[in-house]
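In Swiss-Prot this protein carries:
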type	residues	note
ACT_SITE	K66	active site, charge relay system
ACT_SITE	S141	active site, charge relay system
ACT_SITE	S165	active site, acyl-ester intermediate
Amino acid sequence: MLAHEIRARVARGEVSPLEVAQAYLKRVQELDPGLGAFLSLNERLLEEAEAVDPGLPLAGLVVAVKDNIATRGLRTTAGSRLLENFVPPYEATAVARLKALGALVLGKTNLDEFGMGSSTEHSAFFPTKNPFDPDRVPGGSSGGSAAALAADLAPLALGSDTGGSVRQPAAFCGVYGLKPTYGRVSRFGLIAYASSLDQIGPMARSVRDLALLMDAVAGPDPLDATSLDLPPRFQEALEGPLPPLRLGVVREALAGNSPGVERALEEALKVFRELGLSVREVSWPSLPQALAAYYILAPAEASSNLARYDGTLYGRRAEGEEVEGMMEATRALFGLEVKRRVLVGTFVLSSGYYEAYYGRAQAFRRRLKAEAQALFREVDLLLLPTTPHPAFPFGARRDPLAMYREDLYTVGANLTGLPALSFPAGFEGHLPVGLQLLAPWGEDERLLRAALAFEEATARAHLKAPLGEAL
């Protein structure tokens, strides 16, 4: 059952918030041991469900929260041994807003350590399996949230997107994932990876559920100086006819895709034309180089952000006879991929190489953004694949560069700050395929309106993996 359908049933008195919480908790306990979507569950869930006011706008809805988003009183690990027992004394703004409207945190979902990865294989605890094929990855780094949705272990989820970490797992698991305009959702309480790129993003199994979630979490926040004063009107934007829109298909993303992705793109273009959109091919010339710039800028910011984990203030502290030895031993607890990115980031920020790498990457970022702004003077939306192929098998991307190439089509939205939405667009065999829409800065609602029209024309909502009995 979809989130807006659950909410309607609660409002009519057909089911109570407690009954909803009990049903999802039972399903998680039955199915998640074989899936690994959750790192921890909210032990007070049923108590909180019994106490919630059923008249609140989101009463009856439980939310799976990625485990790099702070939840007061509930363990928040960022998928790292370094924060294995960290219980935040504060709440992320996005979580606080959900709770104020009656939603409940079901549990914390698995991720690549500190959000650094594209498969959830880099979690310090265990990998998450793709509900459509247990031998394949769910994507990352928000793989636990995507898998929980696809298996119907939760009706709504929060992830975070630094270079595609909401959209890529959404594509691999056949769900919706939105990377909002940078600043549209407060980052307060999100454990930082790369602060100029990070963004909390909603995930769901229908566009209406995505709009419900965005209306709850978006909006300005005095605790985040980068948050935007843009009132959310997502559910309102879904009403009425689809306006005439100009759709640009990004030429640089048309080659090298798998047959299923190519077929999904062709079918989507046919649907959008039938919906009245004018379609043309456009060029975003710098997009193929965006990946190289991203893997300079993101590690550079990570090396600064992760310097705080020295064992002196919070997190796990390794033993050492002196402070320096203790700090070295503590940081040795970082996983291999985190160490790799911190080393890269430290190198590109070093005095001898700063301008050659970091300075040039920042200049490229400005050029990429200028090109995108020019494109949106010609079209209203951009369309490209979310990933070049469906989910890959575990262990298939052992070469770090091969794993980094998974972000080829997604990093552009992060570097430019633009909103981007991955939506289910078909299958390659038994594996879901996702496509991606981008809109101009601040026009997140436009993405959802176009995706809803596609969803209604193709019956893509309610897609879930065939696991267990349906709720």
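Glycine is treated like the rest: Cβ placed from N, Cα and C.
Positions of Swiss-Prot features highlighted on the structure.
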{"residue": "K66", "record": "active site, charge relay system", "Cβ neighbours (10 Å)": "32"}
{"residue": "S141", "record": "active site, charge relay system", "Cβ neighbours (10 Å)": "34"}
{"residue": "S165", "record": "active site, acyl-ester intermediate", "Cβ neighbours (10 Å)": "37"}
Where S165 (active site, acyl-ester intermediate) sits in the secondary structure, as DSSP reduces it to three classes | coil
DSSP three-state assignment (helix, strand or coil) for S141 (active site, charge relay system) | coil
